[in-house]
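K.L.:
Below are the features listed in Swiss-Prot for this protein:
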- D72: active site, proton acceptor (ACT_SITE)
- D72, G73, N146, E147, H157, R174, D176, T187, A188, Y189, A190, L191, S192: NAD(+) binding site (BINDING)
Amino acid sequence: MTTKFHTIGLIGKPHHPGTNQTLKRLHHWLTMQGYEVLVEERVATELGPHIVAVDLLEIGERCDLAIVVGGDGNMLGAARVLARFEVGVIGVNRGNLGFLTDLPPDAFEEALAKVLDGEFDTEHRFLLEAEVYRHGQLKASNTAVNEAVLHPGKIAHMIEFEVYIDNQFMYSQRADGMIVSTPTGSTAYALSAGGAILTPNLQALILVPMFPHTLSCRPIVVDACSTIKMVVSPENGENLEVSCDGHVHLAVLPGDEIIVRRSSEQLRLIHPKGHNYFHVLRSKLGWGSKLF
């Protein structure tokens with residue numbers, strides 16, 4: 001990879017001391033090397049004067065690379081917006097797990113310098129589009145990087161719904177909800193609910209029922225081009241919703257139909273050269289660690 005970057009956007013978690021410190025270091029380090037640096041307006045005021053503050057959309061439009069400082073939640077929030085542009089996205093971990101944020105906050109310079117010099121790997125992660133229909137009319141929609149989840153608004157309350165794959169009836173469910181996850185999200189909420197890990201290059205979705213009231217129901221993997229339809233029973237209560245990455249919530253009423261399909265948008269995720277997904281699984285999740 002020989003692509004060079006010229007304009008770089010900085011994105012971070014507002015009012016977070018560790019993030020603020022890393023953003024200041026990044027801004028100074030990048031400007032000293034001659035890069036044009038744009039800072040998301042939510043954090044720009046915390047970095048002092050002489051900062052070019054823009055919104056997230058302008059970062060997507062003008063930047064070659066966006067650096068997200070924070071945890072996976074910050075990365076997901078930025079990714080849902082930036083995926084509609086061609087901008088590459090890389091993360092500096094200032095969160096807990098940091099599954100999508102590769103660079104260490106206290107020693108990012110060496111790895112980032114190589115990335116900026118064109119030594120990096122690129123992954124394209126597809127997103128989901130979630131839509132809520134009521135009496136045939138679209139009522140709400142949004143995108144998700146990790147997962148779209150149908151669930152009740154109150155804890156420990158079962159709901160009833162039917163699931164269709166490409167308009168073919170699959171099954172009826174009585175459960176706490178349903179997770180429809182991308183490969184990116186298969187190491188997140190879907191994993192906690194008992195779903196399989198899908199490697200990022202798979203063109204697939206995984207459907208994971210949440211606490212189904214049955215002894216036989218298991219997660220299922222389907223083609224990424226499939227259209228998932230969930231029809232909510234009219235007998236359910238009214239406090240239902242679809243959550244996209246746990247950040248955006250779409251209201252659902254009894255009788256509504258939820259359509260989840262692959263979005264046309266893709267996140268262009270940048271990794272340092274030699275990025276190893278299985279090493280990330282071992283180091284972040286303690287997966288399959290060597291015994292000797």
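Note: Cβ is positioned from N, Cα and C throughout, glycine not excepted.
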K.L.:
Identify which of the binding-site residues A188, A190 has its Cβ surrounded by the largest number of other Cβ atoms within 10 Å, counting every protein chain shown.
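P.N.:
Output for this query is A190.
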K.L.:
Just counting, how many other CB atoms are there within 10 A of the CB of S192 (NAD(+) binding site)?
P.N.:
11
K.L.:
Tell me, how many other CB atoms lie within 10 A of the CB of N146 (NAD(+) binding site), whichever protein chain they belong to?
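P.N.:
Summing over all protein chains shown, N146 (NAD(+) binding site) has 29 other Cβ atoms within 10 Å.
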K.L.:
Taking only same-chain residues 6+ apart in sequence, whose CB is under 8 Å from that of D72 (active site, proton acceptor), what do you get?
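P.N.:
Non-local contacts for D72 (active site, proton acceptor): G95, L97, G98, F99, L100, T101, A188.
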K.L.:
According to DSSP, which of helix, strand or coil covers S192 (NAD(+) binding site)?
P.N.:
helix
K.L.:
Let me check the 10 A CB neighbour count of H157 (NAD(+) binding site). How many other CB atoms are there?
P.N.:
14
K.L.:
Max Cα distance spanning D72, G73, N146, E147, H157, R174, D176, T187, A188, Y189, A190, L191, S192 (NAD(+) binders), Å?
P.N.:
31
